[in-house]
Amino acid sequence: MQRFSAYSMYLFYTAIGSFCFSLMSTATVLYFIEAIHMNSFQLLMVGFVLEITVFLFEVPTGILADLYSRRLSMAIGIMLTGCGFLLTSLMPSFPAILIAQVLWGIGHTFQSGADQAWIADELASNRLDAIFLRGTQVGQLATLAGIGASILFGQISLSLPIAIAGILLILTSLFIQGWFPETGFQPETNSQVALWQRMTGTLKEGIQVIRGDALLITIILIGLFMGLYAEGFDRLWQKHLLQTFKLPAIGDGGNILWFGGLNACALLFNILVVEWIRRHLQRTGKQTKVWILLMIHLLLTVTILVFAWTVHLGIALAAYSITFLLRQLNVPLYTAWINESIHTSHLRATIFSMQGQVQSLGEVLGGPLVMLVLFIWKSTDVAGLITSALLLLPICLLLLFTLRPGSKEGTIVRTKDD
């Protein structure tokens, strides 16, 4: 069977994933509130089930991707995610939604380490930062299309865009397994070693590598605080906007038109900025990336605080849009920085997955932490948003730590066989 080029398939993979996710996510919160009538506890429980699933399955699925097939791991992940979306749309009940979150969470873990490691092995390029940023730009265009499609189909039913996203992902999983190349990675085939022994051996080696490198430890800690701050903001910003301000009516579009339009406007500006960064980073090193990441997180702290405190709708919308922009810029830069710190190919997926697990742990703890703040101060969502903003400050300190005089700009990860 003829395979397509890895670069074109990576761009396709990024595009279809971004399109389906925005198609689903634009309508999901409103679907939970308006169609299923979830209360705050149920909304938080949905988030908790998703995050705890990701946390529990992140490393095991990453190890399997290292031992057998990254392409197969990607296909399984897309399939499970699609099934989760489809179940969400077809069964509008709280128990069914919790099951769907488990499917989505497991599917995410099959993808999270495998996709980045797959493209790194297939292209064997030392300019992966440019490749990841190009993928981000393509993904943003697809996200914009997904938002528009979600607004359109959401006028018919809030469940319809979620169902379409699920079907598209299921079909994509079959295409991945049938037509994606996998030539840069050779799975282990020693039949004399038990599966569990090989899994634990890969995991132990990954832990040993991280423990022996100060920069990788710093990267892992940054991932933890990224999860801590993000969970509170992601669960509260829509509720805060709806309860604090009266959103003007736009025809018969309803709230989905407001939220979809807000994300679309932020994305349009974001696409232009990402292209500038993609060109600029081709002439920069790791230390410049760290400086940019530092600026991004300092600005994120400010914009979230402004969003929480302002009483003016226009300022709140601008603050959210800038926050959305900065978070989008952060992902490819952070991914490229991690990748440049890993020079052991067969451990790349495991280390990416371990970083993802730590970030998931932060998200698991972040939601209850913010709710505890709200309970103690008996306050509005403003206190939760402020807590999320303050949790960004440790990230800034860790980034400054890597920039201190005498610190190493990068790291070289080798095994005893290298």
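Keep in mind that glycine also has a Cβ here, set from the backbone N, Cα and C atoms.
Remember, TrEMBL labels are computer predictions, not curated facts.
As recorded in TrEMBL, the features of this protein are as follows:
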TRANSMEM  12-33  transmembrane segment
TRANSMEM  45-65  transmembrane segment
TRANSMEM  77-104  transmembrane segment
TRANSMEM  151-176  transmembrane segment
TRANSMEM  214-230  transmembrane segment
TRANSMEM  256-278  transmembrane segment
TRANSMEM  290-311  transmembrane segment
TRANSMEM  317-337  transmembrane segment
TRANSMEM  358-377  transmembrane segment
TRANSMEM  383-403  transmembrane segment
Same-chain Cβ contacts of the transmembrane segment (214-230) under 8 Å, 6 or more residues past its ends?
327, 334, 337-338, 341-342, 351, 354-356, 358-366, 369, 388-389, 391-392, 394-395, 398-399, 401-402, 407-408, 410-411, 413
Go through the chain and flag residues at least 6 beyond the ends of the transmembrane segment (317-337) whose CB is under 8 A from any CB in it; none is fine as an answer.
116, 128-129, 132-133, 135-136, 140, 219, 222, 226, 230, 233, 237, 241, 262-263, 265-267, 269-270, 273-274, 277, 281, 286, 289-290, 292-293, 296-297, 299-300, 303-304, 306-307, 310
Given a Cβ distance threshold of under 8 angstroms, which distant residues of the chain, six or more beyond its ends, lie next to the transmembrane segment (77-104)?
17, 20, 24, 28, 31-32, 35-36, 38, 42, 45-46, 49-50, 53, 61, 110-112, 114, 159-160, 162-163, 165-170, 172-173, 176
Residues sitting near the transmembrane segment (290-311): Cβ under 8 Å, six or more positions beyond its termini, same chain?
233, 237, 240, 244, 277, 319-320, 322-323, 326-327, 329-330, 333-334, 337, 381-382, 385-386, 388-390, 392-393, 395-396, 399-400, 402-403
Long-range Cβ neighbours of the transmembrane segment (151-176) (under 8 Å; 6 or more residues past either end):
13, 16-17, 19-21, 23-24, 26-28, 30-31, 34-35, 71, 74-79, 81-90, 92, 252-254, 256-257, 260-261
